[in-house]
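Visitor: Quick one: structure below, then a few questions.
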Amino acid sequence: MAPCDVYWDQHVPLPALPPLRAKDLRPTTPLSNIWTNDFWGSNLSSNSSHKSYRPLTVLTFRLNYLLAGGLHPVGFHVPNVALHAVISALMVDVFAVLIGGLARGDGGGVRNQAPKASLLAALLFAAHPVHTESLSFLTYCKALHRGSDRSEGKLSLQWVVLSLLLCSAAMLCKEQGITVLGVNAAFDVLLICNVNVLELSQRLLLGRNSIDVSELVRTGLPSRLALLAVGGASMFYARWSIMGTGPPAFTEVDNPASFAESMFLRIVNYNYYYSLNAWLLLCPWWLCFDWSMGCVPLIKSATDWRIVWLLLLWCVLIGLVSQALCSRNSQRRRTLTLGLVLLAVPFLPACNLFFRVGFVVAERVLYLSSAGYCLLLAYALGHCCSRWARHRRLLGVCVLALLGVYVVRCALRSHQWRSEQSLFTSALLVCPLNAKVHYNVGKNLADRGNTSAAISYYREAVRLHPTYVHAMNNLGNILKEREELTEAELLLSKAVAIQPDFAAAWMNLGIVQNSLQKFREAERSYRNAIHFRKKYPDCYYNLGRLYADQNRHLEALNAWKNATVLKPDHSLAWNNMVILLDNIAFIRRLNGGSSMRGAQGEENTPQKPVCVLRGASIRLCVFRSIFCNLGQAELIGREALKLLPHDHTIMFSLANVLGKLQKYEESEGFFLLALEINPNAASCHGNLAVLYHRWGKMELAKRHYELALRLDPEAPGTRDNYKMLLPGLIK
């Protein structure tokens, strides 16, 4: 039996749903890891960390994992839908306060003064196809409910503190959560204290009339804003410290505009990105899981026609802001201002103003902003109904049609998310220039066995993005499997030249070079992979395989031992150590002049001995060495089974060793256990038959020889051994 085949590494950076490295979700991973790792499972201190610190989100995913019994989509999707439904129901009250203002009923509670508009806004929010988060703002509303009677000058500060605590929890779910503080501050200024922002600005800038500071102090506004500012600054400092006092390192493919040549081009492209986000809110038909890698080509000159869209965006925003500040209707000023705040403030972390972000457009960051959009849309529709009362029925039909379109689009998008194939294929229609989309379509096709189609998508990904090392790596993998080794070596060599620390590509290059008999180059490639990824058990395994091919047995054993130290459940490494020691014993038995045939009918070609021993006394040393190697193989096999008690391949290899040590009963037990797990293993039946043959249990030997031949008529040596058995049965 020859050592196992080479382990082939495929680097698969698929878009993330839950944390795809999934190690932090599993019960075997210490719970403390979620507080030191980022959202994707990398340690925050690592240079490759995304710095997305979201431990509470990972904790909820871990709970989903436990309740669903694994990484089953339903276990994650159902809670998300339920949470969105709860948030949408709560938003009815929020929109009622934002649109209708504050009014107390007879019972002392807050009365909904805009029931239809708030319900419509909540329905639009619930059905909008762009979505994912929000909550602590509701607690600030609670502060108002408990003690915002301005005539008494009372306000429940403990509820403001609770809002800060919930804001901290929101930030531990997603960084965008801290923007709730800005929304809370605007809510306090505009709604609780009813401050006219335009009038206040004129007083401050033009010196018109004095500001009644005592009135503001009486309302408690300065103390609340100071509390929000201190809380926000503390959260910023804590988040910055956790991140390692440095932002994550993004590349040009993540956010091309931030790498534009001039400040003018960066500003123009950032604003174009804003217009794309606004379009997704207005018309959420073009939805894509990833907008990077050429999906949105850069605007490189002032003559690019797409500048029209960002000019249109700012015209609309300036019009809304002027209405929000200058309208004589106080309710309109308040509603439009709060709507614009809810639209813009949650989007600030994604706007590239304060730091570079790692995406071009991301639908997930529009969750809170969509609430502001729905508020403005519902208010606009309500205004149209009151102004054009004759056409109220027509407007109602249009609103119902809009809701219907939203629901249909949600259903269609949900269907696209049901499988990787439909998700990636749908992205091709939206972003045909996105190299990552072509890469993921190719990866999905390769996983389903359609490598011919996968090659064309990988080639297109490399054509669209000539430095796309992951596409080169996976394309090289497929070409290697198709025995197109020269092109595979060329692609992988180019990948490591572009990204010298790409450990997986170095390892795969070593595998190709090994197949091309370029052993020295292969060893160098494996060493480079280990240099760039210190804990790389699969590379140690492949390095051991290279040494075994070159008869460098001790180095092979050391490499495989390193693999098992780094990854104790590395079955292939454990199994190959047992097989190699078994093979060494077999070679030495041949060199020692023994006439005994291998007890279990080894399938490997005997390797040439390192040295030839002569003489009777030396032959005795050979046999001692044989049993020493077999004893080591037995110890390693038993140690492996403690870690992998259900691995039938290790049971099979250990049974072979025990048979050669004449421990027939133990050998039989491991063979039978292996057959319980894998009853159709012809080699296991054949070697068990050899064991019975040596043991003198001829009927059992005959039965297992026949089973082996039935499963694999061409099994090497089995038919010859069976023919040797038949004369003994006749006698």
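Our numbering is plain: 1 for the first residue shown, then up by one each step along the chain.
Any Cβ shown, glycine's included, is placed from N, Cα and C.
Dumping what TrEMBL says about this protein:
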{"type": "DOMAIN", "residues": "246-318", "note": "domain 'DUF1736'"}
{"type": "REPEAT", "residues": "435-468", "note": "repeat 'TPR'"}
{"type": "REPEAT", "residues": "469-502", "note": "repeat 'TPR'"}
{"type": "REPEAT", "residues": "503-536", "note": "repeat 'TPR'"}
{"type": "REPEAT", "residues": "537-570", "note": "repeat 'TPR'"}
{"type": "REPEAT", "residues": "682-715", "note": "repeat 'TPR'"}
{"type": "TRANSMEM", "residues": "81-103", "note": "transmembrane segment"}
{"type": "TRANSMEM", "residues": "270-287", "note": "transmembrane segment"}
{"type": "TRANSMEM", "residues": "307-326", "note": "transmembrane segment"}
{"type": "TRANSMEM", "residues": "338-359", "note": "transmembrane segment"}
{"type": "TRANSMEM", "residues": "365-382", "note": "transmembrane segment"}
{"type": "TRANSMEM", "residues": "394-412", "note": "transmembrane segment"}
Visitor: Within the repeat 'TPR' (435-468), how many residues are helix, strand or coil going by DSSP?
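Guide: Looking at the repeat 'TPR' (435-468) with DSSP, the answer is 27 helix, 0 strand, 7 coil.
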Visitor: What stretch in 81-103, 270-287, 307-326, 365-382 has the biggest tally of Cβ pairs under 8 Å against the transmembrane segment (338-359)?
Guide: 365-382
Visitor: Suppose you look only at the repeat 'TPR' (682-715); what would the mean pLDDT be?
Guide: 89
Visitor: Under a Cβ pair cut-off of under 8 Å, which of the recorded stretches 270-287, 307-326, 365-382 contacts the transmembrane segment (81-103) most often?
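Guide: Top-ranked stretch among 270-287, 307-326, 365-382: 365-382.
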Visitor: Taking a Cβ cut-off under 8 Å, which residues six or more beyond the ends of the repeat 'TPR' (469-502) line up next to it in the same chain?
Guide: 8, 10-13, 435, 438-439, 442-443, 446, 451, 454-455, 458-459, 461-462, 508-509, 511-513, 515-516, 525, 528, 532
Visitor: By a Cβ-Cβ criterion of under 8 Å, what residues six or more beyond either terminus of the repeat 'TPR' (503-536) are in contact with it?
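Guide: Residues 6, 8-11, 469, 472-473, 476-477, 480, 485-486, 488-489, 492-493, 495-496, 542-543, 545-546, 549-550, 566 contact the repeat 'TPR' (503-536) from elsewhere in the chain.
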Visitor: Quick one: DSSP breakdown of the repeat 'TPR' (503-536) into helix, strand and coil?
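Guide: Here the numbers are 27 helix, 0 strand, 7 coil.
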Visitor: Do you know the DSSP helix, strand and coil residue counts for the repeat 'TPR' (682-715)?
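Guide: Its residues fall into 28 helix, 0 strand, 6 coil.
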